[in-house]
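Visitor: First, the structure itself, so that you have it in front of you.
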Amino acid sequence: HFDITSSCLNATDPNVTEAVNATVAKFVATPEGTALAYGSLVFMALLPIFFGALRSVSCGKSKNSSDMPETITGRDAARFPIIASCTLFGLYLFFKIFSQEYINLLLSMYFFVLGILALSHTMSPFMNRIFPANIPIKQYQLLFTQGSGEAKEEIVNYEFDTKDLICLVISTVVGVWYILKKHWIANNLFGLAFALNGVELLHLNNVSTGCILLGGLFVYDVFWVFGTNVMVTVAKSFEAPIKLVFPQDLLEKGLGASQFAMLGLGDIVIPGIFIALLLRFDVSLKKETRTYFYTSFLAYIFGLGMTIWVMHTFKHAQPALLYLVPACIGFPVVVALLKGELTEIFASWNSGKNLTCSTMWH
């Protein structure tokens with residue numbers, strides 16, 4: 001569902017660089033607790049990137065137009081940091097003027113609906129594999145039209161079956177759990193679903209677009225974190241599943257832990273869609289190797305590790321894209337130079353070659 005993912009992504013812009021401890025002054029995390037929290041965040045960040053990239057390669061026939069990928073053009077990429085900045089500052093003003101409690105209540109209901117649909121879409125391929133063959137599958141259709149006769153226009157036309165219905169029920173249970181308890185596990189289930197949908201369904205059309213997008217958000221990230229307190233203020237005030245969290249006091253308090261390290265979904269989705277583009281490029285070469293994909297994937301691990309190390313050393317929120325962007329772009333470019341394929345990469349990516357959808361993965 002692109003609309004679901006794009007709404008989530010816009011809302012995650014305040015957290016696009018957030019990787020900071022949500023701790024009180026009196027709490028001091030143990031080295032074991034800190035290592036577990038940061039290691040878990042890195043592992044969770046890698047899951048939607050890896051599987052989202054794989055799912056972005058095979059864009060099979062979808063039953064719903066909303067499940068088709070959305071292509072980001074160079075113009076979209078250039079405007080994105082400006083839109084993100086306006087959204088971020090607007091949220092900052094809202095939290096300053098209006099009651100934080102009511103704003104978060106409204107946002108919780110909004111993301112409750114989005115989360116259910118995103119998690120259901122994420123679970124669908126797994127449900128197709130494990131669904132018992134002896135259970136009959138019924139087809140359903142949700143149709144909403146406007147007008148009549150020749151002037152009739154479809155507003156909503158959603159087709160689903162028994163398997164989709166089961167996914168929706170399970171997702172609703174998670175959604176109710178999140179609304180009632182705001183538990184960090186429910187938050188992460190929704191967050192992972194949003195991130196995977198973003199990587200799968202948001203497609204860059206070529207490397208130039210990717211560089212424009214990552215470069216623009218690189219500047220956006222550095223400015224709003226180091227230049228003002230807007231980013232951190234909004235991130236700490238915003239109660240919605242737009243970040244992955246993991247408790248640093250899990251070893252002491254178990255599942256009831258309350259002191260969290262966090263990572264914004266934007267720090268996963270933005271580099272993730274670039275890494276997914278590299279995988280589709282590898283596939284288009286019709287070779288057995290996935291050199292550029294694995295290079296950028298390792299570059300992401302390196303960049304995220306650098307972010308966490310600097311943040312932990314200087315005890316200050318860090319703009320993750322400050323480290324992720326140079327790594328995710330620089331590493332593949334260096335590999336292309338060493339292999340003598342730099343010209344080929346730029347020529348194929350900028351020639352209009354369709355890398356948005358492919359079924360050549362094997």
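Note: Cβ is positioned from N, Cα and C throughout, glycine not excepted.
TrEMBL does not curate its annotations; it predicts them automatically.
Annotation source TrEMBL lists transmembrane segment at 35-57, 77-95, 101-119, 186-204, 211-235, 255-279, 291-314, 320-338.
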Visitor: Suppose I define contact as three or more CB-CB distances under 8 A, residues 6 or more apart in sequence; do the transmembrane segment (77-95) and the transmembrane segment (211-235) meet it?
Guide: yes
Visitor: Are the transmembrane segment (320-338) and the transmembrane segment (211-235) near each other by the rule of at least 3 C-beta pairs under 8 angstroms (pairs 6 or more apart)?
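Guide: Answer yes: the transmembrane segment (211-235) meets the transmembrane segment (320-338) with 3 or more Cβ pairs below 8 Å.
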Visitor: Hey, which of 35-57, 186-204, 255-279, 291-314, 320-338 has the most Cβ-Cβ pairs under 8 Å against the transmembrane segment (101-119)?
Guide: 186-204
